[in-house]
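In Swiss-Prot this protein carries:
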- 25, 82, 135, 482: (6S)-5-formyl-5,6,7,8-tetrahydrofolate binding site (BINDING)
- 231-404: domain 'TrmE-type G' (DOMAIN)
- 241, 260, 262, 265: K(+) binding site (BINDING)
- 241-246, 260-266, 285-288, 385-387: GTP binding site (BINDING)
- 245, 266: Mg(2+) binding site (BINDING)
């Protein structure tokens, strides 16, 4: 059990800085006396009341709306008070301080503190309370953070579906089927003297096979949801003046990186998140790769190689106007050799031939798009002009293919890497269970254990079996007041 989860808590629930409206939120059990002290009257549940907010001396701090949500019909499942005032940081700090002060003051009716133990909330603690009070499960709690952090419309919509329970419903259906299968195995173990073969009569083989098929479908949708949330990291690399910064600007649709004819203009990485069909791509422009005597440029080049080593995909940019020049091709070959050593084996390296609009007569020049051969021996290359935009759609298609994106299916929900890991664990345990069922005289105790472990992995997704350490990591990523 998480520590101090019964303390009443308070926090500013809106983002730091100035705004038209700011909210101070209080959650706890039995906060009625504090509500009356702060608002000067009892409030009707779930109705907005316009009133002045006053300090301990009766002086007005501000005027605004107060809303009272008695348990269990609130965000946290506890009594909740929200004070909506003008969004200046000083006003909100004064309101928050007044909440903490009034909680410790003696109530006139009882002579006891109005809300003893009221403290500032930790990041994510209001949502943590909602989880602990069964208002939401863990996957829905994560969806709240994903909705707040969504960088694309598709990511926001998928997070909203997860918050509504779409992902959790799929997990619960898998769990129910798994529990039924476990019941058959446990019955066979518990009543060995019975003549009924529970497993054969109930077609345990067929049930397990159907469960594995459903799991495969859920894993496919989960991979797509994780992609919408996480995106992929794409590094643009190549020699100086190949057009790396121009390509970043073209993909982003904005002048993010400085472009000049001077080699070595880019000294450090420039990063921008773009979206293609709702998939976030974290594109990084790097320093031109070459031997340099300039200390600052050398640092930038080393950082470029570090980014390449951590990339999900690398765009190796070539200058079509210099194709066929021995020195240029030799330098490209050296970069290609180091890419083969530095980039992880599973990371695709795409050859991108730039400046097709200026390469008339070049053997490699063309109309733009995806070519059929690659100068560095890889399967395909992309030919384009970052200046005119010719061929960019072909590159976008290649990037979506690398990401593993399929056209967005209806009802896709957001997901996280830990969800995929849990589902892979379920898949592994179900495969072990299937192997046991295939044996003559299966070891029922081993079969039962594999099914138990599969259910445990499913429960970890929704938080029905989750370590306190994991909960701490998840909720600490929220902002204070959420």
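The backbone N, Cα and C atoms fix where each Cβ goes, and this holds for glycine too.
Mapped onto three states, the DSSP output places residue 386 (GTP binding site) in coil. Over all protein chains present, the Cβ of residue 82 ((6S)-5-formyl-5,6,7,8-tetrahydrofolate binding site) has 19 other Cβ atoms lying within 10 Å. According to DSSP, residue 25 ((6S)-5-formyl-5,6,7,8-tetrahydrofolate binding site) sits within a strand segment. Residue 386 (GTP binding site) has its Cα within 10 Å of the Cα of these binding-site residues: 245, taken from 25, 82, 135, 241, 245.
Looking at residue 82 ((6S)-5-formyl-5,6,7,8-tetrahydrofolate binding site) and residue 287 (GTP binding site), their Cα atoms lie 50 Å from each other. The C-beta environment of residue 135 ((6S)-5-formyl-5,6,7,8-tetrahydrofolate binding site), restricted to residues of the same chain at least 6 apart in sequence and closer than 8 Å, consists of 72, 75, 76, 77. Taken residue by residue with DSSP, residue 244 (GTP binding site) is part of a helix. Predicted-model confidence for the domain 'TrmE-type G' (231-404) is 80, expressed as mean pLDDT. If you count neighbouring Cβ atoms within 10 Å for each of the binding-site residues 25, 244, the highest count belongs to 244. Cβ neighbour count for residue 241 (K(+) binding site) (all protein chains, 10 Å cutoff from its Cβ): 22. A coil conformation is recorded for residue 287 (GTP binding site) in the three-state DSSP classification, outside any helix or strand.
Look at residue 82 ((6S)-5-formyl-5,6,7,8-tetrahydrofolate binding site): DSSP puts it in a strand.
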